[in-house]
Amino acid sequence: MSTIAVVGAGKIGESLLSGLLHGGRGADELLFTERHPERSAELTARYGVAGVEVAEAAKRADVLVIAVKPQDIEPVLDELAPLVGPDTLVVSLCAGLPTSLYERRLAAGVPVVRVMPNTPMVVGEAMSAISAGSHATAEHLALVTELLSCVGQVIEVPETQQDAVTALSGSGPAYFFYLVEAMIDAGILLGLPRAVSEKLIIQSAVGAGKMLAETGEHPVILREAVTSPAGTTINAIRELEKHGVRAALLAAIEAARDRSEELGKAHE
Ligand SMILES: NC(=O)C1=CN([C@@H]2O[C@H](COP(=O)(O)OP(=O)(O)OC[C@H]3O[C@@H](n4cnc5c(N)ncnc54)[C@H](OP(=O)(O)O)[C@@H]3O)[C@@H](O)[C@H]2O)C=CC1
Ligand SMILES: O=C(O)[C@@H]1CCC=N1
């Protein structure tokens, strides 16, 4: 039985704890660290998992999952540096932070795996991309894959692609939520009650997502099947093109990629 400690049980750290418990891990196999005692007590009450200091997590864990904001990494690395050796696997969920940062700051030979997950972890539908640092072996990657498979799907990518992955699937759920929010507003504009508009759009999003995942069809084919000649959908598509929605998405995702790169460079 390996002990997994999540350092920084905020939004993504808590999602992982909850997903691992859901996936069959025992509460006694898990630990977390949080800096506010009230938050720590709240998480222990909710999940039955013990909250500990970073130093204790470093001593007890076989796998240390780092889930603090990239801006908060320095004190965490200072604290971990004298305590973590090559027997502990470090898994970083932090946007932008390269495995080389951990390798430089922690003891020689510490294996590090960089992961970019996303919040659908809470419903077992995460997309996680993993990359090995220079001391991480195929066994370490297999262990991380096994852990993350409890909370969704996992792919391996070269670390050079992680900033793009962060912009695409790490932040991706936010773009879909934003779209759903705007479409619900459109329903309000057209005079529908909010509850009706929400139901129509959320179920349409779920249905479209399932079709994408289950039919194996290209999104263009699926969209064309909705777009009847001289019908309603093509009028909407014309407006989306006129307002540059496709170009806006390309620019938005490029900006997110740039920010991920910037977060990494701040620690060079
Ligand atoms: N949210 C998301 O969708 C995704 C986030 N990530 C990555 O996950 C990481 C966390 O993001 P997110 O969960 O959104 O952020 P949160 O701020 O919600 O979570 C980070 C948590 O870590 C705590 N923390 C900070 N420093 C320490 C410390 N020294 N010891 C213990 N706990 C500490 C924070 O406490 P405090 O409240 O005091 O700051 C906070 O509760 C980031 O690096 C982000 O890039 C990756 C993929 C998706
Ligand atoms: O916004 C962020 O920085 C984090 C990383 C990916 C998703 N959320």
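Using the three backbone atoms N, Cα and C, a Cβ is placed for every residue, glycine included.
Remember, TrEMBL labels are computer predictions, not curated facts.
Here is what TrEMBL records for this protein:
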{"type": "DOMAIN", "residues": "3-96", "note": "domain 'Pyrroline-5-carboxylate reductase catalytic N-terminal'"}
{"type": "BINDING", "residues": "A67, V68, K69, P70", "note": "NADP(+) binding site"}
{"type": "DOMAIN", "residues": "159-263", "note": "domain 'Pyrroline-5-carboxylate reductase dimerisation'"}
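Recorded features from TrEMBL, shown on the structure.
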| residue | record | Cβ contacts under 8 Å, 6 or more apart |
| --- | --- | --- |
| A67 | NADP(+) binding site | V6, V7, G8, A9, G10, I12, G13, L16, L93, C94 |
| V68 | NADP(+) binding site | V7, G8, G10, V76, C94 |
| K69 | NADP(+) binding site | G8, G10, C94 |
| P70 | NADP(+) binding site | C94, A95, G96, L97, L263, G264, A266, H267 |
Model confidence over the domain 'Pyrroline-5-carboxylate reductase catalytic N-terminal' (3-96), averaged pLDDT: 96
Shell of the NADP(+) site beyond A67, V68, K69, P70, same chain only (C-beta within 8 angstroms of their C-beta centre): G8, G10, I66, Q71, D72, I73, L93, C94
Residues in the domain 'Pyrroline-5-carboxylate reductase catalytic N-terminal' (3-96) grouped by DSSP into helix, strand and remaining coil: 44 helix, 18 strand, 32 coil
